[in-house]
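As structure tokens, the structure follows; a few thoughts come after it.
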């Protein structure tokens, strides 16, 4: 066992536990004490194991923690390595390529002899695989199902082509693709590297090659050992203080005419960073090469002048890029990879002066126009002479700060992609972010749906009838779909349309060749199931008009001639208005069929038009997915049918509640299986001062939401980084026996907590910390596993990760808990409308309309405007008609009118009230065609600002009369009066009790 420490002067003892009889106790393995020596430790007895765990117990605190380790097995273990990695056959093919640091797999199972390059679609897996480290690749195929795993990341896909077998009818090749009949010629660049333990269907390919079996032949330089990579790199770790300073060696004989040249390779994720800086002579010239907006920018600075050249388009893609900067013949050229060079012309020949600075600048060095470079560099050469990074590390050459040698510590933080719902992952050296545009979701990881879960929820927000996007499972995987919400009736109907809502005429169909109509809805089958399951009632109208066209076989065979399929594809033969499982129509139930010898009007087989219509209302079978008509092939036989849209009402989750009467009572559910993202929302009301709403424990992890005091809700969790706590404190007590809403979320990026309309509380996740929440015990709702600090009160609408928990059903079996919740404000009757809050009274209820744009006893009378995200209202004030008519009047009359208008322009009097929890926000803006304006805004911190721009030749005046945040979910009133240069402002906070809130300020 050999160890080599990455940093100079670091001692790393290792503790190796041994569980075999001959090696009792713990053994400590001593590491090296300098940067270059190799320490070898031998075990007295061999150990058979699949995994080896090393526990560092000590290191030099002034150095970096790092380790390079090689483990040598016993003599019977064969370490086989070779250079190979692609296979291909004629017709069918399987090809594995290393492209841009990722593995691309092409696989086609088809008996036709397609051209190898036509219509290929790759499945990519892995990232940064050119990092000079060993990687494990496993490919498994069963018929058309394929799994590809690189290290711990897997991809599953279904192959293209018509066959299920891979016809290997020519050859398998590794490391390159030889042309048939021409060994040694390749279609593309060979693989250059090492492969070990290469097996194909259990056959050890490398072993066959080493034993020179006749079915194996090698082309080119293939060896059975893997030499150590010669490309040494270094990592720039800090965006503020990393740099590498190197002196400029004397130019080689080829460049003795003057000038300089610098070449190196780099890789990074950052869009900004300084790559190279140098001072030039004559002074004050200096040169800077930086990454700006993902492009390379070469800047030449002189006294008051700057010339630039650019190269590349997206150099922050994590791949290695080759850069060269050359100065000769009164030009400075910039070359990137294989692109044409960009040049900057010089007035005189410039020479390097002092050192070259890579990645950043020291305090006394070059100027840093941007942040320092975070990434990796290698193959640095100056004036044609390569730079030894080992000499730099040993202190023999140059100077450096915040660098890590002999390794490139770049990470792909977007593998796996932690952005949900199709969000695009963007990353830098130290973090990642998610672009959620166009996904229908928001949040740090695109976890939260921006749409309501049902039409009922839109109605409670004060919306009217119209088309809306609903997300029936919230943050779940289904996604949003568009429906029509009909709110004109007492019930709120959700209407899902399909492709055939008009009447369809059918002729010439038989049982053997029936007419088939497949119904395609505006929602997917999974979305339809979620809508139906979450509704209290669903129905679908079916109308079947017939002339000599029967629904059922009347000859005693009881096989339906026409039928429909339900949401699961099961055949159903009952028709609208009757019960499931019985081949009858509604007229049989109502005993009004035209011929009482039959159960349907159409089964009378009359030569006149009749109809069987009704409403299918057994929602477990809805919606109708297909209609089959099979008896219109006789003379004079004809049918016309129409299937209406799916219509549902009632949101079962909105008022699903439970009441907890004992502090030791609780409801339990299976543990949460949401390691990376968890969102919880519910309503509660209580008169108790504290209590745990829910708790789920693991071995060391946990998640808990509780009312910790009468006005404080806390959200705590631990994913391995230590306990994290978020709290929201209300200005009013929360144990007031009124409904309050709680929303908590934890993701790999952040945690948040919101109570009612109070401001959100955020907590960022620690960088590079643990991310997975592992819970093992049951989820306790309304109590804890210790049966202490239980919640007393009501909880309703508990939704976790888009799944609604059925509290009422579980409460039927739990002691101390009852389904439902008593009180006037505990049902779905919508006593208070348009976001009005229902408040329980001793003998009734009252509606609090302060958070609504409506007023009155039930918040139905419109008194204000409710603004959603990116909405506004604009009023245009025009000049009086008399003034517009007189534009051609004499100048004296015009000037007189202008003086009158100036008097009116010198004063304003405005007042309004607002309530919001979001900042920044534009509250009011008044502007003129001459670009004068008055604006009242909330700044990013929620403070109030008043902007005046009355003179176009000077900067606007900004006043901040209220420093504290007004985005607190409370009602505030603003009154503003200006006359000439003096303004008066008053702010009133709507308060309860005897505390006064008015405030008046005046200024000039």
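In case you wondered, yes, glycine gets a Cβ from its N, Cα and C as well.
The following features are taken from TrEMBL:
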type     : residues : note
DISULFID : 794-821  : disulfide bond
DOMAIN   : 1-74     : domain 'F5/8 type C'
DOMAIN   : 1-226    : domain 'Laminin G'
DOMAIN   : 233-408  : domain 'Laminin G'
DOMAIN   : 410-447  : domain 'EGF-like'
DOMAIN   : 446-498  : domain 'Fibrinogen C-terminal'
DOMAIN   : 656-821  : domain 'Laminin G'
DOMAIN   : 822-860  : domain 'EGF-like'
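Mean per-residue pLDDT, taken over the domain 'Laminin G' (233-408), amounts to 87. Non-local contacts of residue 821 (disulfide bond) by the CB criterion (under 8 A, 6+ apart in sequence, same chain) comprise 657, 658, 659, 685, 794, 796. Around residue 794 (disulfide bond), taking its Cβ as the centre, 23 other Cβ atoms fall within 10 Å, counting all chains.
Secondary structure by DSSP for the domain 'Fibrinogen C-terminal' (446-498): 6 helix, 18 strand, 29 coil.
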